[in-house]
Amino acid sequence: MHQRCCRRLPPLYFLRRGIHSTSAPTPADAATDATLLGRLTRLLLLHRFSAAASLLSSSAPLTPALLHAALRRVRLDPDAALHLFRLAPSRPSLLAHAQLLHILARARRSADARTLLASLLSARPPAPPLFPHLVEVYKDFTFSAASFDLLLRALANAGHLDGALQVFDEMRKLGCRPTVRSCNSMLNRLTQAGDLGTVVAVFEQMQHAGTLPDEFTVAVMAKAYCRDKAVAHAAEFLEEMKNMGVEVNLVAYHALMNGYCELGRTEDARRVLESLPSIGLSPNVVTYTLLVKGYCKEEKMEEAEGVIREIMKNKQLAVDEVAYGAVINGYCQRGRMEDATRLQNEMINIGLQVNLFVYNSIINGYCKLGRMVEAHKILHEIEDAGVRPDTYSYNSLVDGYCRKGLMTKAFEICDMMVRNGFTVTILTYNALLKGFCSLGSIDHALRLWFLMLKRGVAPNEISCSTLFDGFIKAGKTEKALNLWKETLARGLAKNITTFNTVINGLCKIGRMPEAEELLGRMKEWRCPPDSITYRTIASGYCRTGDMVGAIRIMNEMEGVGFAPSIEMFNSLITGLFIAKQCGKVDDILSEMSTRGLSPNTVTYGALIAGWCKEGDLEKAYNLYFEMSGKGLTPNLFICSSLVSCFYRKGKVDEANLVLQKLVDTDMIPDISATRLEIGKLANALDTVAGGNLRSAKIMWNIVIFGLCKLGRIEDAKNMFADLKGKGFVADNFTYSSLIHGCSTSGFLDVAFGLRDEMLSVGLTPNIITYNSLIYGLCKSGEISRAVSLFRKLQSKGISPNAITYNTLIDKYCKDGHITEAFKLKQRMIEDGIKPTVFTYSILIHGLCIHGYMEEAIKLLDQMIENNVHPNYVTYWTLIQGYIRCGNMKEISKLYDEMHIRGLLPTHMAGDVKQACPVAYNQNGKACHMKMYC
């Protein structure tokens, strides 16, 4: 299983000796200093070190030749050798280092040997390789092979991997076997460097050399396989080692679990955890924390928090700050700040210290949501707790204020950061640059750029890309290009990210020849284009409808080894519609399938928008159903494309129905923010609309509807007023959304005022509008006004529907007017409207509440005879009625019927939400749902 592709271990090259190197003393040299050498070595062997120092200071300096000769004579006395080495007036030669290392290795003075090697390897400038001199001394002294192993481990620990590999290779040629500890050090460093091929090769050669692996070797190898995403190999390896009798410890299984978690396979990691007791290992808090991190990575926050509860239930374990911190960070990453603060308080209550990681996670979470007041409070909380904020704390706040456009506040944080002893880094400058560019304050961004250069902070690829992108978005492409050339002249911006940003800017304004010219210059400047470069240029051609250019770039991309991605094909689909070549779309889809690529939401968006522009609504709608069937959720762009097509064909009612069915508040950018930023939202929607006024109007309707759906009526009203001031012309859907929202929230006067405003601008309210008003009146207890409005519908030319009747029937039942409710049901039938399951369920609920169980059962039989199938709510209402009566026999019968019909209690909430305007809780109380469910 270890026969994986790996690079050949580098051969050992004997580099020429540098300034630290000198040859061994010749006999003549020794003879010249024979007397001095004899006296010096006698004093050293007698451990008269002060006398030895005096001798050297009074007679002759300690030359390299004298040092080498003396070390050779005292090679059996490590103390004498060490003192002599320290008497050298300058850094001793590499040969002297090799002699002393052998002497210390023979005497098993490992600590002194490690100190010697650490000093040598940290020397500046770096010393040439020591290994050739070790070999030379080894042959002269005939000891000690342990010195090679000490050098191997020192090189590995210092990160000098090429040197370590050379020593490892040459040791085998000398017949010296490296220790397992040194091999582990080298394997671990190679793993950290991500060189799995060499890790496997070293492991195999280590075994060939007779060095048996231990539990640390196994753990490192498991980690290496998992870092390379070869988790299956890691699992096989651990099993193989176990079968060989090598101990496999908990650290190795942690590596395997982490490997699974990194691949999004946390359930597999859980299975590993559950298997540990059977092999004699006890999971610890680290084991469980790996699961926590895995679930957080997969966005399964409830499961992650559940693991915390598991740890707390285990009396052998104590939950720690790391486990809590991982879950809190997970909640913060997903904007669930209430859950994050709940767990923070829980930490404090059980006596755990809130550390800087947790505080920083919460600051970052608030900043991402734009909740800067709360974020700033956490900074004060950190200081009050005696924890010192770090650069991450301050940079998160700077970035948060910049995202909000509050640049003055951002600079205040920078000042605070400097006052507290921190340096403003490139990360800080990048956030400030992005803030200015987002506001369109390009001149301020440029001044900051030059200030950065003046202060000696070198811009990185993010700085360059941010500034260039800001210029391009502001329509100042020429200035962006000039700045880019100036930056290149300074030796900056020659990186792939910056090139791609400039190319993207050129493509957006249709300057395709210049974009391609830049592609060629990238190759000349040894900054090879990546797949994004090619995709950007191909997309540029697609936007202009130049499919020949797009296909040519795609072919060139494949020629250099990049496979076209789903994004590339999405651009080609859009380009074909722009080029009026929709007949070739099926060919593109077929090629995608051949390459194993499946359409994603963007693909369907391009197809639906394309067919809508072609006027083929049937194809577009079929594609919508196809994507829904595959579990893909339509986005704002898809929704607006379909609605625009309906509007163009004059099908306004159908368009409104599509909006009601398709709109999900998740489509709307930043709608969950506490304070809605209309300007920021407008920019996002204008980008999606692409300058199309009809699409923009539809999207604003979606936003208003979404706000009403969330119950944020004030935000919806304020937005509506703001939009009207900017020339927005509301339609039926806009008013219906607002009227429904106001009615539901009890703002009846506002709702009726909006109805009157509709009429004044020439719009005719439809049944949806009046149903909202009737519902609002019923909810507010004004049944007489609701009935009065109901009776006026016919005179307005509007026919009530099932929702109208069900709303009124429900109100009569709640008020105990059962007779009036049944009269309305009869009128409903006379008007040609068939009572629905909701109609019957409402009436049954009314009968049960007042104890009329016999009549309720008769009504159940009647609805079944009329081919109206009872749902869970119907049966649950009857069961609650019989519970109040204490008739358990009838309850049993009803449960039997429910099981026969496949109505299981666990699905109550889902069924009600999907289908019924009235839902019932377990106390038998009725609670209205939104009319547009």
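Glycine is treated like the rest: Cβ placed from N, Cα and C.
Note that TrEMBL annotation is computational and uncurated.
Here is what TrEMBL records for this protein:
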- 179-213: repeat 'PPR' (REPEAT)
- 284-318: repeat 'PPR' (REPEAT)
- 320-354: repeat 'PPR' (REPEAT)
- 460-494: repeat 'PPR' (REPEAT)
- 495-529: repeat 'PPR' (REPEAT)
- 565-599: repeat 'PPR' (REPEAT)
- 600-634: repeat 'PPR' (REPEAT)
- 635-669: repeat 'PPR' (REPEAT)
- 696-730: repeat 'PPR' (REPEAT)
- 731-765: repeat 'PPR' (REPEAT)
- 766-800: repeat 'PPR' (REPEAT)
- 801-835: repeat 'PPR' (REPEAT)
Same-chain residues at least 6 beyond the ends of the repeat 'PPR' (565-599) whose Cβ lies under 8 Å from its Cβ atoms:
531, 534-535, 538-539, 541-547, 550-551, 554, 557, 606-607, 609-611, 613-614, 627
Long-range neighbours of the repeat 'PPR' (495-529), counting only residues six or more past its ends (CB under 8 A):
461-462, 464-465, 468-469, 471-472, 477, 480-481, 484, 536-537, 539-541, 543-544, 546, 549, 560
What else in the chain is close to the repeat 'PPR' (320-354), if you only count residues 6 or more beyond its ends and a Cβ gap under 8 Å?
285, 288-289, 292-293, 295-296, 299, 301, 304-305, 307-308, 311, 361-362, 364-366, 368-369, 371, 374, 385, 387, 672
Mean per-residue pLDDT computed across the repeat 'PPR' (766-800):
91
